[in-house]
Amino acid sequence: MSVAAPAHKRILLKLSGEALMGDDAFGINRATIVRMVEEIAEVTRMGVQVAVVIGGGNIFRGVAGGSVGMDRATADYMGMLATVMNALALADAMDKQGLIARVMSAIGIEQVVEPYVRPKALQYLEEGKVVVFAAGTGNPFFTTDTAAALRGAEIGAEVVLKATKVDGVYTADPKKDPTATRYTKLTFDEAMSRNLGILDATAFALCRDQKLPIRVFSIVKHGALKRVVMGEDEGTLVYA
């Protein structure tokens, strides 16, 4: 009996910094990051090419910094540096799982991580390495969601997988409304008209214009990433 082939060959996984905290109030929870890497390792060993964009909200949020009197651009650069720290932690955990990870930063910190160069990133993916994109887009005023959309389009990912703590997009907040139901799929226009806030407006527009589908799923749900990659009904698909 033949094993089913993955539905996706190349994916862009967007992880929030907050997802790395686990139940902690701040920073990186080692057990959480190890568990996430186990999920990533499973799909990588199925032959899926995986690129990751990581946020920095567990260490520093540029938006929050800007709101308390700090210059917004400075705060955003600090947020970008936070994503580099997260990317290094993620790559370290991947190395310990037997994966080969490469961190590529949108801002130059050559002694620590290599700069983002698109052909090099594509080469790494073809070689079966996991590429972790750090420092967002390298520009202030752009979120790591936008970086995920941008890098996803650049590397020719088949889908952007937005990993959250909820298993999809709901009609209302499932924690507050017991009648809330999960959308299995939505068009970009439907998601916009319902103001569901799946990604920020810039990221969402980029995905829509490039016809790059988004799937929202729970990273805390064991096996969810594999089910998404296999094309099963997991999370919520947003498509053109």
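In case you wondered, yes, glycine gets a Cβ from its N, Cα and C as well.
What Swiss-Prot says about this one:
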- K14, L15, S16, G17, G57, R61, T164, Y170, D173: ATP binding site (BINDING)
- G56, D76, T137, G138, N139, P140, F141, F142, T143, T144: UMP binding site (BINDING)
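Known features from Swiss-Prot, placed on the structure.
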residue: K14; record: ATP binding site; contacts (Cβ under 8 Å, 6+ apart): V52, V53, G55, T144, D145, A148, V160, L161, K162, A163
residue: S16; record: ATP binding site; contacts (Cβ under 8 Å, 6+ apart): G55, G57, T144, A163, T164
residue: G56; record: UMP binding site; contacts (Cβ under 8 Å, 6+ apart): G17, G62, G79, M80, L81, A82, T83, M85, N86, T144
residue: T137; record: UMP binding site; contacts (Cβ under 8 Å, 6+ apart): A106, T146, A147, L150
residue: N139; record: UMP binding site; contacts (Cβ under 8 Å, 6+ apart): A106
residue: F141; record: UMP binding site; contacts (Cβ under 8 Å, 6+ apart): R72, A73, D76
residue: T143; record: UMP binding site; contacts (Cβ under 8 Å, 6+ apart): G136, D200, T202, A203
residue: D173; record: ATP binding site; contacts (Cβ under 8 Å, 6+ apart): A180
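When other Cβ atoms within 10 Å of the Cβ of T164 (ATP binding site) are tallied across all protein chains shown, the result is 19. A sphere of 10 angstroms centred on the C-beta of G57 (ATP binding site) encloses 20 other C-beta atoms.
The UMP site, placed at the center of the C-beta atoms of G56, D76, T137, G138, N139, P140, F141, F142, T143, T144, has further neighbours from the same chain whose C-beta lies within 8 angstroms: G62, G79, M80, G136, T146, A147. Here ATP is bound by K14, L15, S16, G17, G57, R61, T164, Y170, D173 per the record. The longest Cα to Cα distance in that group is 26 Å.
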